[in-house]
Amino acid sequence: MYSNPKIYLLGANNRATHTLAEVYKKNKFTVCVISWHQNNIRFSKFVDEFILLPDAEKDFAAFKNEFINIFKNEDELLLPVNDIAVLICLQCKNGLDSRVKIIGLNDPVVQEFAINKYALLTLAKECSIDYPETIYIDSLNEFEKHKKSILFPVIAKPVSSRILKGNAVLSFHVKKFNSIDQLSDFVRENINTIPLMLQEYLKDGYGIGLNFIARNGELIDYYFHKRIHEAWGGGESSYRKTITGDPFGLLDRTQALIKLMGWNGVGMLEFRITNGKAYLMELNGRFWGSIKLGVYAGKNFPMQLVNLENIDKKNIVHKPGEFYARNFKMEVSWLLKGIISQKKYSLPFTWIWNFRKALRSNEIIEDNLFNDFRYRFLDIIDIIRIPFQKRTSRLALKKQSDILWNKISGRSYTPKQGDIIVFICKGNICRSPFAEVYAQKNYPQFIFHSSGFIGKAERLPPLNAVAAASKFDIDIYCHKSSNIDSIDKKNISAWVVMDKENLMNLINETDESDIDKIYSLGGHDEIRDPFSQNVEYFDSIFFQIVSHINRIFQIKN
């Protein structure tokens, strides 16, 4: 055990971070939370120090410089709490090794099984663990090969939830699709950035998890849990319980998988139970949001992780009993969505009847107001404050954008031969690439570029945009999106925006001296974003773009 221990928790996830802070504080640790976002966790009675750093997701280099310099004592501990924190520690490991002791992190080759879902499934096959029928797609050509064999509905799942690319952390989400056109657009948006898995849709059932701690592939301790209430359509659970025994005979096979990976630390293997069969979905390679259930059931993985090197391997006897944990705030959200979106009007009565169980000795409310009053109270206040703040900000932004739009939309641009002109839209896959190619084709005496503001570069235009563009004899099928950060802004003659949102984003990204170079393509009228609309809508938008480009360059069709 450490004397005068200090632990840094990297990543301010409300649920997992709070439970970890509580456990470590009660065990005499000094607890410091490091985050790149403001979070109410800084007001928790279990947190001694809160460090706010530059946004790691938007400017990783700036974050990294400040982050590494925090640590001065290699006897102190650093624990990554969420997926982004794991990526940060992997990227900064060389700079951290002599400054602090990282716990809960595997070697990159091993950690990859939690980061790359397809790598996990490939290994699971060797252990006779079932998983949904999966097609691996790593290129557009590969997708074209499999298009005719895809059964709908289908789940499209990027192999990783988050990756570090360039100077930013990119996030990806799982989506369900019912048609080949929708799926094709999703593939075109993502395939140049990350490989995808197309998985069979498991309609009914529920989720269970094997929560474990291991050392060099040897299982040290574990417990199973079952999701009782999970988000409608998929997502986190708000109410769960531990499971006794060996559900679906998973223990031996998962032990074999953990050994094959050589896993070191904590993890949760997630399964979906459908038609009496367990399908492996993914591995959470760090602490999970529902860790409070395990701690309450006597499985104190946070402290076991700290002492992992000194724990003796012993025969595991899985007897945590049956314990329950619910998150009240998430339960209320689950209830309201069940009534509104699922039309389950009898749900309030069954929920209220079920809620009486919260008084049992084997059940805990995770976000009990009196466990950490100031932190929990502020969390409740945020339910009202954050939507109000967002609405106020939107109104202020709208007022500001209206003023600036009136200022720039009345400007007339007189292009000169050799001018460098950049068309700007939100994502650089619909309006601005069409404008660029059309203008370059018809007015070659000028230099045209296009760009957008979405961090995921090399996205391909949706097929409806491609079809509409072809009617104007313009080919944007192979266009790859770019972010405005990739443009050399020094010699730009004119920035041409489509709408007020583009204008405000551009002002935030350029120097004050460049504001006089910003023009509206449509004059006083905004050219609306056609993304996700039908071909006819794209036709009308592209017609506007053609008309205004011809107007600006004073050439008649």
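Cβ coordinates come from backbone N, Cα and C, glycine included.
Listed in TrEMBL for this protein:
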- 121-312: domain 'ATP-grasp' (DOMAIN)
- CYS425: active site, nucleophile (ACT_SITE)
- ARG431: active site (ACT_SITE)
- ASP529: active site, proton donor (ACT_SITE)
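Sequence features annotated in TrEMBL and their locations in the structure.
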residue: CYS425; record: active site, nucleophile; CB count, 10 Å: 30
residue: ARG431; record: active site; CB count, 10 Å: 31
residue: ASP529; record: active site, proton donor; CB count, 10 Å: 17
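For the domain 'ATP-grasp' (121-312), the model's average pLDDT works out to 95.
Across the fold, the C-alpha of the residue listed as 'active site' and the C-alpha of ASP529 (active site, proton donor) stand 7 Å from each other.
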